[in-house]
């Protein structure tokens, strides 16, 4: 019998008897306290669970006198029971919130969520600090509200490209002939031997179609990748108290996003803070009028719209497919099959050559039919093929099908389907390489058009310069002080400058902790001024903002070139106006100035001229001059809607140094040598513009500033249209320009026949970027509006990358010309040989399979080999190709005629004298013709690498793909001749015959060298039908 366990009290007493009497609690006491604490905790948790269940279920629970039955569920089960599989935000219905913002229901927003400010707390974020931004936080928000991505229509699959290739009428006819040939061949010779002719043609057609489909499919995937890259824009958000740029796809609900002029709104949301915010909603509503956004009446911001004016912050409430923009974009796919101007011109060329080939094929068909039915053709044994009624029907049909197949194959070879493929390959290859060279192509046509550019209109800041500004000079009144010379200033001046800089800025200063260095964000100019204020003036931006109430803000724009703010200090009735901007613009508004002791002095004409001279001298040192002005006025006299713009007091002047980028001068010299004119368009004053233009090599030191090479924007826009057109050629620098002046210059240059490329980064640059032949936006400083209006995005904002784009543009054009020369040579040779042979002997020396193999070499392999040639320095030594220059130059025709004449002469000699020269039969002779013809094209591919230069091997080691394709082509030709006799209708050749074929084909090299010694008068030729324009 087991002993009975002691009761707890007895056990405690028993243990207590043996406890030593010390000052510390005994073990039994500790255990009893733990038991009591556990019991209380459990009771409280049980009561809370009971209350929650009663509130949620409202159900009648089973009760007795002694206990209550409660169905206690785990947290996950409770969420599932409530209909939420994932942890949600209490009081938030994502769908309802999405509908309120999309429908702009302000009353519902206030009644359901208490407005934007209360919604911030509900979404567990903060107006100043944003979300925490930890991985767990981001996953939770993405789980509940979704990711900021939209479903795209599925891209075209590989089979679609195969099907498209089979839609070609000529391919369909050829397949029909092949099927008929297969049927009659099997009927006549049985399955074992009867399938070769028809089956070989079918296989060859499928090979051509598949190779073409694979090539197009790969290029489509490349374009899709580039499209995805162009959609990935950077958005500035506040997370954990720090401003940071993130991808638009990483935005989550609850994020606080910073908005400025030109930004695309990344998701649906609500306005939190800001000034003068206006939005362009034309992409969503079609209305061109800008919509004013404010916290009271219209706080709603919709994804996909653009910020037209002002700045502010927004709270993200809906992302991805929960936004109207996401729904719209999910049904729209970018057109990757856009036709470029060069492709349109090549279609005319293809059509012209196709018509010639069709005419020759029809003539060959007629001649062969007449010769066959009149008994002038013989078989392999020398017997007549057609003997009237004695000839079997199957033999007649086989002969007719063979004749039709030969004629159709001539059409296949004659139609240069490879031209569009060559353009696609060249564009795809150049786009991929340009991305590595910091240029992202948004529109295919820009790749080729850039090669024809005659003028580049470029910005100064960030493009020609480093965009790394620093305050190097400071002036107070007529006296200069050190940039860190705070002790030399009066406290009044220091405080006014702190106030002017801290309140009148679109930048920000963030300190993660008191010990950490401040993180300064904003435009380069804003960052430079804020850095000077923080480190030299001791600016605490948060403290300055806390001491003032901002009444009105006028954001900076490129027209006025200044920004202003109207504020009231705490516990004061007086209002303070602060202006900051271009020095001469601010100076014009002032009638007084502060000296360094803080004393206000009247500004007479002499002192105004003195300060103006200071500004000019600073500008002559390549400094950007920024001035500050201030005015204090009583509240009674300040009930105005606009900030005061006259009678201000000149507060001070700073000079910002932005050095030229390394390599810019070399890039400018390269463009000049290439016949491309560089025009600098800047918002800086004439003196700064001239200094930078001299540093960059755009101007020469001996050119006078007063001459017509430098104008101000106001002068240019005030010229008559005739004067503008007359002077625009000579202008090389435009200072104090507005975006409208840039647009005017682009229009004038285009009217004069120039192909114009324009760089731009601001929202107001969009019209000029669209008007230009090639719009180049800046990837770092450029706004989303500017990027969407451009054709190419320069990812590093560097002028050297603009020159790289120019080189690639010329390379694209040059590679297409190389392929055209090669293709025309093959076309002319193949058409002449088949036509002459059919008329004279009634036989076509090259069979359908052989011609399809030649077509494969021409179209795909040669296109791939010649399309991947990289740009060379010699491309930048030629003048630009004009807007209406023909594709086929006299130099190209010289090369085409010479090589085609050589090939035709050699192959016709083999056709008529080959049997006697080599002592072989008809089949071996035809194989020799086929082999020599293919090898001629292999050697001619080397000639096509250089249109004018005699050294065709220069730089060949850099193009590994070219050498690989040549090797594969030769290897496959050996297989065709030596091992695929039945498939290709060939006979094996001995070493002597191979050497003869190679030797004859190799003559292409010395002939090409000699032909290039022939001078060409002029550099272009025009063809009938205007197909080359």
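Glycine is treated like the rest: Cβ placed from N, Cα and C.
Summarising the annotation, TrEMBL assigns region 'Disordered' to 1-30. What TrEMBL records for 113-186 is domain 'Cation-transporting P-type ATPase N-terminal'. Here TrEMBL flags 169-186, 198-217, 352-373, 396-429, 819-839, 851-870, 961-979, 991-1011 as transmembrane segment.
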Can the transmembrane segment (851-870) be said to touch the transmembrane segment (991-1011) if we require at least 3 CB pairs below 8 Å and skip pairs under 6 apart in sequence? no
Relative to the transmembrane segment (819-839), the stretch among 198-217, 352-373, 961-979, 991-1011 with the most Cβ pairs under 8 Å is 352-373
Residues outside the transmembrane segment (991-1011) whose C-beta sits under 8 Å from one of its C-beta atoms, at least 6 past its ends, are 894-895, 898-899, 902, 906, 918, 920, 924, 928, 931-932, 935-936, 938-940, 942-943, 950, 952
Near the transmembrane segment (961-979), which residues from the same chain, at least 6 beyond its ends, have a CB less than 8 A from one of its CBs? 853, 857, 861-862, 864-866, 868-869, 927, 930-931, 934-935, 938, 941, 945, 986, 988-989
DSSP helix/strand/coil residue counts for the domain 'Cation-transporting P-type ATPase N-terminal' (113-186): 46 helix, 1 strand, 27 coil
